[in-house]
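Asks: Pulled these features from Swiss-Prot for this protein:
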ACT_SITE  C90  active site, nucleophile
ACT_SITE  H178  active site
ACT_SITE  E180  active site
BINDING   S232, G233, G234, V235, D236, S237, S238  ATP binding site
DOMAIN    13-204  domain 'Glutamine amidotransferase type-1'
DOMAIN    205-403  domain 'GMPS ATP-PPase'
Amino acid sequence: MSNSQSEGQRQPAIVILDFGSQYSELIARRVRETEVYSLVMSYSTSADELRQLAPKGIILSGGPSSVYAERAPLCDPNIWDLGIPVLGVCYGMQLMVQQLGGRVEMATGKAEYGKAPLEIDDPTDLLTNVENGSTMWMSHGDSVRALPEGFVRLAHTANTPDAAVAYHTRSLYGVQFHPEVVHSTDGMSLIRNFVYHICGCEPDWTTTAFIEEAVSQVRSQVGDKRVLLALSGGVDSSTLAFLLKKAIGDQLTCMFIDQGFMRKGEPEFLMDFFDRKFNINVEYINARQRFISKLNGIVDPEEKRKIIGTEFIRVFEEESNRLGPFDYLAQGTLYPDVIESAGTNIDPKTGERVAVKIKSHHNVGGLPKDLQFKLVEPLRRLFKDEVRKVGRSLGLPEEIVRRHPFPGPGLAIRILGEVTDEKLNCLRDADLIVREEIREAGLYHEIWQAFAVLLPVRSVGVMGDQRTYAWPIVLRCVSSEDGMTADWSRLPDELLERISNRIVNEVRGVNRVVLDITSKPPGTIEWE
């Protein structure tokens, strides 16, 4: 999405049929990086439904199943006769081969997992500008044993004779690897070839057009009614606030609930930024003592989360009744939430069809049904990176657009064990030093998250010739693309030394700083 369309009635140029792959969402993101609008739909979508949608191309995702298994997920076989170009990825390729008369079996030799050099047999069409010998990411235990009539080999690897195949006259293509993952060095070239040259798509999924359409749709939906938004200061709710302000002006009211677990200076910054600098109506709700009193004596992290979430709902309900009435509730629901709620009925462990599980998403924590709000969700077809682009176009500063992720329960889950005012003040000061030093070093935007954690133990130290017995602070810095996996960040020794020295000298109650060098997996980014 560049700065030059939106959900609304826009039809997807590319439809991704999801067979339970962990990469289905990533395929959609990669297609959108070419400025072509894509949607993820269930593998069970019928050929008639696709005909009505009239996409210019269809991509079949990978998946955990085997196409020859009794309960394997199968697409409508009439899809092959729609005259729409199809690209099958991994399981999607095997399904195409199987349904059109070929044969797929369990690999008799080595299964392929990881990187493999691609040897190209036909460098035209799908593989134009894909370098011979380029690395592609493999993840399959089954292999094609016989191609259907009309198909030809485009490329192979050492262990996979048919790594890429095509039926040119019917515009049917398959690849045994995953071009969408970052490890596939020329994967985007292949995706662009399919999207632009084979499907004939135009790059019209742009930020400017999205904003114009979203503003029009919000105005049409809301009319002259009032809208309430729970503002957290994160990029999603901030972008939504700017978009709604542009669309409906003073009909928007934002509610900022300060539960006492935010970072140092954050509540003041957010109120100054939204209310005073940009004249967005923000109601500040100081609920600090109410929240912390509810956590008295609570040490279990899940119980802490539950208490904070429940109390948030109660405060939100009370204050919305006081400030209302409101007809609409604005939520920063994103496309990954929509995909997860829709659910693909594939068991990720067995690869078999199972009953669909529906999961609801509420950015304000699961609102009571009797609030009777109608929902406004203009961001529900955007991925996180697209939200950031929209935010920039609307005038959000980089300090919010590129703000590090921050958990909903805030510092309450970065204090292990019971949360007290003393611990909160200690952690706020330490966390501020971490962020200040990383910004000063020019590394803030190079790191996915950087923060401090306070442990519920004390250690012995010596300061000013006197014995100390104080808390340790854990420094947690990770690098990641999407938060699903992460590696610990290798910070310069000089930076680590400055952070440690400042914390033990400036933060009362701390005498030791330790570094967390655990990746995700096996660890998680947050400690609780």
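Even glycines carry a Cβ here, placed using N, Cα and C.
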Asks: Taking Cα atoms as reference points, which of the binding-site residues G233, G234, D236 is nearest to C90 (active site, nucleophile)?
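Replies: Nearest listed residue in space: D236.
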Asks: Looking only at Cβ atoms, how many others are within 10 Å of the one on G233 (ATP binding site)?
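Replies: The answer is 20.
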Asks: Would you mind listing, in sequence order, the residues at least six apart from S238 (ATP binding site) in the same chain with a Cβ closer than 8 Å to its Cβ?
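Replies: L231, F274, G391, L396, I400 - these are the non-local Cβ neighbours of S238 (ATP binding site), listed in sequence order.
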Asks: Per DSSP, to which secondary structure element type does V235 (ATP binding site) belong, with helix, strand and coil as the options?
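Replies: For V235 (ATP binding site) - judged by DSSP and reduced to three states - the answer is helix.
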Asks: Name them in sequence order: residues not among S232, G233, G234, V235, D236, S237, S238 whose Cβ is within 8 Å of the mean position of the Cβ atoms defining the ATP site.
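Replies: For the ATP site the neighbour list reads L231, T239, L240, G332, I400, R403.
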Asks: What's the CA to CA span in angstrom from E180 (active site) over to D236 (ATP binding site)?
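Replies: Here the two Cα atoms are 25 Å apart.
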Asks: Rounded to the nearest Å, what's the C-alpha distance separating G234 (ATP binding site) and H178 (active site)? Just drop the number here, would you?
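Replies: Rounded to a whole number, the Cα-Cα distance is 32 Å.
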Asks: Which one of the recorded positions (E180, V235, D236, S237) has its C-beta surrounded by the most other C-beta atoms within 10 angstroms?
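Replies: Sorting the candidates by Cβ neighbours within 10 Å, the top entry is E180.
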Asks: Determine the minimum-neighbour residue: among C90, H178, G234, listed as recorded positions, which Cβ has the fewest other Cβ atoms within 10 angstroms?
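Replies: Looking at the recorded positions C90, H178, G234, the Cβ with the fewest others within 10 Å is that of G234.
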Asks: Rounded to the nearest angstrom, how far is the Cα of H178 (active site) from the Cα of V235 (ATP binding site)?
Replies: 30
